[in-house]
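Participant: Let me begin by handing over the structure; questions about it come next.
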Ligand SMILES: O=P(O)(O)OP(=O)(O)OP(=O)(O)OC[C@H]1O[C@@H](n2cnc3c(O)ncnc32)[C@H](O)[C@@H]1O
Ligand SMILES: [Mg+2]
């Protein structure tokens with residue numbers, strides 16, 4: 001059985017990545033075993049210094065391959081807010097200063113948009129997903145999910161900025177969608193499905 005490593009240290013993101021691949025039958029059934037960072041010896045996390053989601057995704061996947069010798073998938077993602085000229089973007093995980101403080105990050109974005117009227121509250125979730133093989137071959141794809149930001153958080157599913165993001169064509173926030181509904185439309189679902197042919201080649 002071939003193995004592929006999902007190189008994310010965010011448990012909720014990792015859960016979504018696993019769920020999306022499992023829904024596509026890529027969880028052992030196709031001769032590919034999906035493993036996480038808990039299943040391999042620990043290695044240090046490098047700072048995410050890239051200017052783009054793609055650069056960061058490739059860097060995370062390369063580090064994981066170098067440390068483990070396994071083919072690795074990494075996801076670099078975030079929220080690009082129109083009224084903030086695309087920020088927080090690659091800084092989404094540490095927008096309020098402390099890495100991974102979802103509540104503080106979301107509160108800061110809401111505060112920054114206090115005077116932004118409804119018609120200018122557009123935003124997009126973006127996900128770059130990279131597959132790097134031990135030989136060095138790299139595949140990078142991108143998924144986007146457009147929507148608008150509300151003023152008061154709603155919903156408890158998902159993570160990060162989900163409670164303030166209402167996808168296009170929806171009235172619920174992405175934190176109010178069922179997990180399968182989020183995956184079917186999300187930036188992460190789209191990116192990972194674009195990576196499927198490359199993943200199937202690993203078998
Ligand atoms: O780098 P890894 O270890 O994968 O974990 P991370 O949480 O640091 O991940 P990123 O560097 O890609 O930062 C992504 C941030 O963007 C936000 N984000 C990404 N995808 C999201 C989603 O589906 N829903 C809500 N927020 C999301 C959230 O705040 C994440 O912490
Ligand atoms: Mg990160």
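Just so it is clear, glycine is given a Cβ too, placed from its N, Cα and C backbone atoms.
Sharing the record's features from TrEMBL:
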type	residues	note
ACT_SITE	76	active site, proton acceptor
BINDING	8, 9, 10, 11, 12, 13, 77, 159, 160, 161, 162, 182, 187, 188	substrate binding site
BINDING	76	Mg(2+) binding site
Participant: Count the other Cβ atoms sitting within 10 Å of the Cβ of residue 187 (substrate binding site), across every protein chain shown.
Facilitator: 27
Participant: Ligand 1: which of the recorded positions 12, 76, 160, 162 have a Cβ closer than 6 angstroms to it?
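Facilitator: With ligand 1 as the reference and 6 Å as the Cβ limit, the list reads 76, 160, 162.
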Participant: Among the binding-site residues 8, 10, 77, which residue has the fewest other Cβ atoms within 10 Å of its own Cβ?
Facilitator: 10
Participant: If you measure residue 162 (substrate binding site) to residue 76 (active site, proton acceptor) at Cα, how many Å is it?
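Facilitator: Given the Cα positions, residue 162 (substrate binding site) is 16 Å from residue 76 (active site, proton acceptor).
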Participant: Other than its own, how many Cβ atoms are within 10 Å of the Cβ belonging to residue 12 (substrate binding site)?
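Facilitator: There are 14 such Cβ atoms around residue 12 (substrate binding site).
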Participant: List nothing but the one residue from 76, 162 whose Cβ has the fewest other Cβ atoms within 10 Å; the candidates are the recorded positions.
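Facilitator: 162, out of the recorded positions 76, 162, has the fewest neighbouring Cβ atoms within 10 Å.
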Participant: Which residues, sitting 6 or more apart from residue 160 (substrate binding site) on the same chain, put a CB under 8 Å from its CB?
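Facilitator: Sequence-distant Cβ neighbours: 12, 79, 92, 93, 102, 105, 106.
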Participant: If you measure every Cα to Cα pair among 8, 9, 10, 11, 12, 13, 77, 159, 160, 161, 162, 182, 187, 188, the residues listed for substrate, what is the largest value in Å?
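Facilitator: Between the most distant Cα atoms of the substrate site, 20 Å.
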Participant: What's the CA to CA span in angstrom from residue 187 (substrate binding site) over to residue 76 (active site, proton acceptor)?
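Facilitator: Rounded to the nearest whole number, the Cα-Cα distance is 11 Å.
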Participant: Quick one: pull the CA-CA distance for the residue listed as 'active site, proton acceptor' versus residue 8 (substrate binding site), whole Å only.
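Facilitator: Distance between the two Cα atoms comes out at 9 Å.
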